[in-house]
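Annotated in Swiss-Prot:
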- Asp299: active site (ACT_SITE)
- Asp490: active site (ACT_SITE)
- 87-99: compositional bias 'Low complexity' (COMPBIAS)
- 281-600: domain 'Peptidase A1' (DOMAIN)
- 87-116: region 'Disordered' (REGION)
- 1-31: signal peptide (SIGNAL)
Amino acid sequence: MEGRTTAGRATPAGFWLFSCCLASVLWSANALIPAGKSAGSSFLAATSSQSSEEAPREFPGHLSNSQIASETGSALKIEEIASSGSAPEVSGAAGASASKTSEKPIRPYHTGPSSRSSAYSASSGIPLCHTCSSFDAANGGCRLCVHGEVASDFLMPMMPIRNIDTHREETLSRLEANHRTHLNEKKNFYVLRGKGPFGSLGNLPGTPGLDAAIAFGLSSPDLPSASFAQIKNKDSSDSGDVAAVGEETDSAVADGSKTLDLDLKLAETSVPILQMKDSQYVGVIGIGTPPQFVQPIFDTGSTNLWVVGSKCTDDTCTKVTRFDPSASKTFRAANPPVHLDITFGTGRIEGSTGIDDFTVGPFLVKGQSFGLVESEGGHNMHGNIFKTINFEGIVGLAFPEMSSTGTVPIYDNIISQGTLKENEFAFYMAKGSQVSALFFGGVDPRFYEAPIHMFPVTREHYWETSLDAIYIGDKKFCCEEGTKNYVILDSGTSFNTMPSGELGKLLDMIPSKECNLDDPEFTSDFPTITYVIGGVKFPLTPEQYLVRSKKNECKPAYMQIDVPSQFGHAYILGSVAFMRHYYTVFRRSDGTRPSLVGIARAVHNDDNSAYLSNVLNEYPGAHIRKEDLMMERSMSAPSMREL
């Protein structure tokens, strides 16, 4: 699937749409938004799901100063966070070490007290994560826990991707096509676990029905449809495909004819999607000696590391910053050489694998393997992954089991240095064209409302955790007792998704209607969508999940995508439709506890925006071109603005 081979996580190849679509939210065009390997698999199977009778907890706000003082004796002064969502002022600072390969230091930042979590834990009865040795709730273990608010080691500013205006229009049109085709033509779209690029969600080239997706306008013929499973070593005696590249090996997903074991059937009503990758945010990494800075996407839905090389002289390659191996004193080609040859219906992408030193903030990762794109498009520019999205690379942050090359992922190499306070990273997605942030080694309490609830990863491949229920308003929408359901937190896609059996019901309950932004009460006609995970409610208000189409229609930023497998029904939570509103944490197993994902309400305010803008200005290799920024138009309704 997947074409996109490089430059950006799953390229928009196939559902690029999907992802794209998500991107749409980035909105493009029109989103409405208010002003070593895990060793904890043994814990995963033991995680129990919430009883249908158990009442979910309301999403908690901040504790008062008096509560904190009385329960923890903390002398730190913390101002209560008002309902407007302003961040607390906290004294104290922690400086991150400077990059060893740049004269510019990584900007230090202020950190908050862990007493907030301790106090909340004491008052709620939910244990702090470091006290949980078991997540087998049925046998007295933890079902969820509270993050201890360990301050991060450093933050990386993240910027909106280029050409957003064009990109948002295309992704929004794909969202509309998804709704129209699903509802009017009764077509269901699906992806398979481990069949996309880098082991991400998608389908392999040659899967029956892929052409139909293109016919529906859902898989753009201008984007590649190849899979990284097509890596070939042309310089060795074995020129065959690398076996099981980037795939999960479960019997239920190993054979496409046997995967649809839920309500979906492989028939004329089912259409495979090549891939769903699409991000609206890029960060910064340095490659080589001296470091050459590029701006890749950071993707929790894949694992591999790819950049665009200087040998790629196609027009679309020259639009982005390319890495020049000849200018690096430390670059060396893989030995034996590995040639990457990814073919798709109307073109191809070629490249090689190399080894070089990478700079990620203050960390210097020596001898990192990565893919280098050297040619794409062939004799035909159809399928060119750079034609629509100007990714300069992709940094996969998922689990090592997803690696398509068998090499150690860059994040695992950072962990192996032993310098992170916690083996975790966290995303803060800002609104519009403002600067976002990726934190390594901990969290920054200014960017979220405590506490951060942490939930065990149910299977250490994707960042996924069990889903208890979804409510539309006060009506339970999902999930039936006895069924398996889970959410995947995916920073590489923008929209949220629902299975085929659910999206139609959602659109019946939340039909598209003409946007009336002159009426401040307009969104009062729409219900809140609430996810219940581990007994905790995470609501999305209409201002957060609605997008506005070119026809001035307000519609939910949800796509229909089935992910059939024996693991249950998958609900993807994307970077713009969910992660923009919630600060998300991704913690790897420490060998005694499972990997965890954490969620807390994000705090968006002028102070945070100004701070991150300053970080961006001082960060090595970070920059935003004026032509890359999306123009924002002021809206009449004070509670909404178009992104």
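Numbering starts at 1 and runs along the chain as displayed.
Using N, Cα and C of the backbone, Cβ positions are placed for all residues, glycine too.
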Sequence gap of 6 or more, Cβ distance under 8 Å: name the residues on the same chain that satisfy this around Asp490 (active site), in order along the sequence. Asp299, Thr300, Gly301, Tyr462, Trp463, Ile572, Leu573, Gly574, Ser575
Taking every residue in the domain 'Peptidase A1' (281-600), what is their average pLDDT? 86
Including all protein chains shown, what's the count of other C-beta atoms within 10 A of the C-beta of Asp299 (active site)? 27
